């Protein structure tokens, strides 16, 4: 099949030589060329030894030029031996139809000189944009090569011109620098009016390198190049192309960039690059390993820091198992033993300030005989107005020096000074007679007659002078003093100030059980008056403290009585202070030794516990007296402790 086509082509070529005239040859070639291209595209051009088109380009989209080669035939190297014919078509459809009909007229190249050797130049008058062109090469009527295109497809601008560079910056080490390369667009491209739009590509490298570094495409006519070695020479070149096309122009002239000379040592230091990346990697790995080791070794402590344990309830001296098992009795026992856990009952229980009883005179002896009421309340308290229980800011007890009552109308007897002096003088006068009485005479004589006849001043002193409250600067609780006239003075030695606890109040106080009655020793009449001993004159029975002067007098009396009774007083070392009752008992032991206990006397009834002195001892709250109408100011006196009193008694 292919051989038949070749023979047909040769036959047509031979027959074409029989026609004469110059116009017949192009027409025949025009008819034969499309047929050859349709039959075999490889036959569109002659063999490699024949002339052919190399390129067609339009630098500014206004003109274009086409170039070809001479071939191997020496006859074709002579000028004018090869001709270029072109043909314009109105449109692609019309061009295809005309080419198919073989009726289009071909025109020869208008200029073989302007574009150079073996070229054809088409100026603006022969150039039409967006209109297809077809060109062909012939020699002596023979078709050498053929090509069709449009002008906008063959645009290939000229290279940029006027390359230059400017130093922008130098690094702190002085080893690298930044430059800016600038250029001008091709002079024949109408870039300013926008007829053609160009984009550029810049390439640079060191002189001794073979590979170029590419930057682009760039629309501007300048471009910065960063981090160039200042100790090396660099080459820069630029080329351009129409936007959205693939064909670049030729490269511009190479621009050499030479920096000023720099220190060679600095360049060497720059060449030695420190492996910062590896150091960072190994550093992070080492820190992670250290953290893992620390967390693994201290995991218990870290766990306690993050999640601290819940503290177990714990009381010092108490087993927590007792609280868990609910053994509250044992816990209360432990709390009672330790002083730190003792409750302050005085904060919860209010003290009794005074007790008022409405008792008929006829029933006084019957109801109050042998009871605590005889000691707490008496007719002398109601009649007397010289007893004052004033609270001192420092000690909590009564004081004659309270500034709030300095302007009070004093009693006419001047209880703080006159009464005390009068009593002291009476005691000095009666002391010798009272202590020198014969024990036998005291036993034989009636009590009222002996004391009333021998010492009438004693009864008068007791009736007129009420017991004064004693001062204390070291006690915490405020105690009001009370006078306790009793039918028999010997019963004072047998009164108990401690009793058994029978119940506990909700506020924390203890209720004592009533005590059993005891023998008093001497029958008491309903109309008998109480006769005070020398040691009872200057202090009250209910007072928890005593004055130093009164103590010395009582001790002197007790020593005189030791000669007859041979009874030596003793004081408990556990007590912090000596109570008035103990002194009274010691002073009266000689008088009560020979008296037979015939009468019965009851111990104190009910009261509240002030504090726990020992596991088996309770200190009771004293009963306060009602405040009188007028204030009396007792004189101040010192206090004697247990050790001091024992030394004096020895």
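Placed from the backbone N, Cα and C atoms, the Cβ positions cover glycine too.
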Of 123, 538, which one does Swiss-Prot label N-linked glycosylation site?
123
Pick from 329-338, 339-348, 349-358: which range has motif 'UbE motif' per Swiss-Prot?
349-358
Among 248-252, 253-257, 258-262, where does Swiss-Prot put the label motif 'WSXWS motif'?
248-252
